[in-house]
Amino acid sequence: MAKRTRRVGYGLPVVLAIGVHIVALLLTMLRLPESEPIPSSSSVVQATLVSDVTATDKAQYAKEAKARTAKRQAEEAAQQAAEQQAQEAAREQAEQQAAQAQAEQQAAADAARAEAQRRQQAAEQAAAERAEAARQQKAAEAEQQRQVQVQKQKAEAAKKQAEAEKQRQAEEAKKQAEAEKKREAEEARKKAEAEKKRKAEEAKKKAAAEAKKKAEAAAKAASQNALNDSIANEQERIANAQQSNQASNSFINLVKSAVEAQWHLPPNADGALVTQVRVRLGPSGELLAATVTRSSGNPSFDRSATQAVEAAAPFRELQQLDAGLQRRFRDFNLKFTPGDIQ
Amino acid sequence: MNDSMSIPHLIMNASLVVQVVMLLLLAASVASWVVIFQRSFALARAKKAQREFDERFWSGIDLNELYQDVPENHDAQGAEHVFRAGFREFNRLMPKTRSSEAVLDGVQRSQRVALSREEDRLNANLTLLATVASASPYIGLFGTVWGIMGSFQSLSMAQQATLSTVAPWIAEALVATAMGLFAAIPAVIFYNRLSSIASRLLGEYEDFAEEFHSILHRNLQGRGNSQSA
């Protein structure tokens with residue numbers, strides 16, 4: 001018994017002591033994998049962009065939107081105006097043609113009327129002459145010589161009349177022909193002018209369209225990097241005003257992932273909590289303020305949300321955005337909801 | 001708590017001084033646990049041996065027989081050691097002097113020496129436990145203070161000091177204090193427990209020494225009486 005007491009050495013105690021420490025270390029290590037997946041699984045954490053437009057800036061954005069739509073409308077108006085111009089030109093031409101036709105008709109009618117008048121006059125004259133001739137005949141009856149003379153005169157008058165008539169008709173025809181020629185010349189001139197005008201307009205329009213296209217191409221080329229391209233696409237989509245959420249995706253996704261990575265859920269957070277945090281950024285993406293706009297009722301959860309935003313800041317990607325989009329993303333809301341697991 | 005906040009990661013990222021402090025604390029903790037186990041076993045065995053010897057001693061066995069039962073070169077422990085030292089001295093003095101006082105004085109002296117040896121043996125290494133228990137929190141605190149000092153020095157460079165920039169440093173620094181406490185708490189508990197066991201055993205040895213002394217005294221009185229008579 002005494003011998004065994006003597007032999008209490010240090011071998012076994014050393015082994016046991018090291019064992020105790022290894023067990024303690026393992027306990028601290030074993031805890032980690034248990035607690036790790038919960039915060040790191042970003043699928044559990046759902047930070048979603050609620051609205052990128054907040055109450056204070058709504059007016060501004062509305063103004064912007066109005067300006068955008070106005071611009072678009074102006075463009076459309078310009079296009080429409082061009083179209084209208086073209087249409088007007090066509091109409092003008094048609095009108096001109098119609099006017100010409102009318103003028104022709106009128107001229108023809110005028111001519112006809114004039115002819116009729118002239119004929120009437122001629123008829124009257126003829127009647128008067130005939131009456132005179134009759135009177136002269138009566139006188140000639142008295143005097144046959146004079147009668148012959150009258151007859152001669154009559155014949156002469158008839159001849160004259162015929163001649164006059166012939167002449168008149170020839171003149172008329174000439175006049176008509178002249179008028180028609182003139183009209184045709186005018187018409188041709190007008191037509192040529194209209195065509196010239198239209199061609200010039202078309203050329204101008206084409207040049208303008210080309211210039212615009214070229215300018216657009218230049219603008220597109222200027223925004224070389226992928227982000228800007230996507231944002232340009234996004235701008236178009238914003239113009240559509242239906243998919244504004246999609247438009248904000250690229251930057252917001254960056255923000256979201258950064259915030260989620262920094263978000264440490266408090267241990268007592270359950271799935272029903274929802275916190276909305278308003279994030280305001282400086283021009284270079286630095287965080288100006290992260291304030292809770294809608295509290296979940298759990299102060300530690302609210303704090304964890306704001307702390308996540310603070311930890312994720314600054315968002316330097318903001319500088320790569322367009323000026324308009326930058327202003328748009330300077331102020332946005334983030335909604336924090338823990339997943340269903342906790 | 002993500003990966004960068006795990007305790008091994010924090011230890012790896014700590015500054016050199018803090019790492020040295022942690023290493024020191026780990027060594028102290030291991031040493032204290034070695035002592036705890038060694039002393040526990042030793043004291044348990046000493047208690048068992050004491051009980052067995054008590055039984056044998058009071059079973060009415062002849063003291064000479066008890067003394068010669070074990071080999072001479074055997075290094076006895078505990079009450080047995082006290083008994084053997086006293087009895088050896090008694091046996092040696094008896095033929096040389098007739099004075100019972102001198103014999104009892106000699107026996108008492110040798111027993112006192114044996115007791116003090118036993119006390120030494122029982123309390124061996126317990127001072128290490130006491131040292132670890134009292135010093136390791138301070139060592140850990142030193143590591144923490146040093147770490148926080150470093151964190152504030154590096155913080156002076158930063159423009160914006162948020163909790164998240166300070167937190168890793170402080171967590172890192174606090175690991176040192178945690179380790180100090182980890183070493184100190186078992187050391188304190190086991191120091192108290194083991195020293196109480198040792199002092200109780202020592203009390204038992206002393207009681208036995210007194211009882212043995214009284215037996216010898218009684219014996220000597222009888223012998224003195226018989227011799228004088």
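Backbone N, Cα and C atoms are what each Cβ position is placed from, and that goes for glycine too.
Those TrEMBL annotations? Automatic predictions, nothing curated.
Database features, via TrEMBL:
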type	residues	note
DOMAIN	B:78-206	domain 'MotA/TolQ/ExbB proton channel'
TRANSMEM	B:16-37	transmembrane segment
TRANSMEM	B:126-149	transmembrane segment
TRANSMEM	B:169-191	transmembrane segment
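Within the chain carrying the transmembrane segment (B:16-37), a Cβ under 8 angstroms from the stretch's Cβ atoms is held by residues 125-126, 128-129, 132-133, 135-136, 139-140, 142-143, 146-147, 150, 172-173, 175-176, 179-180, 182-183, 186-187, 190, 194, all 6 or more beyond its ends. Averaged across the domain 'MotA/TolQ/ExbB proton channel' (B:78-206), the predicted model reaches a pLDDT of 87. In the domain 'MotA/TolQ/ExbB proton channel' (B:78-206), helix, strand and coil residues by DSSP number 114 helix, 0 strand, 15 coil.
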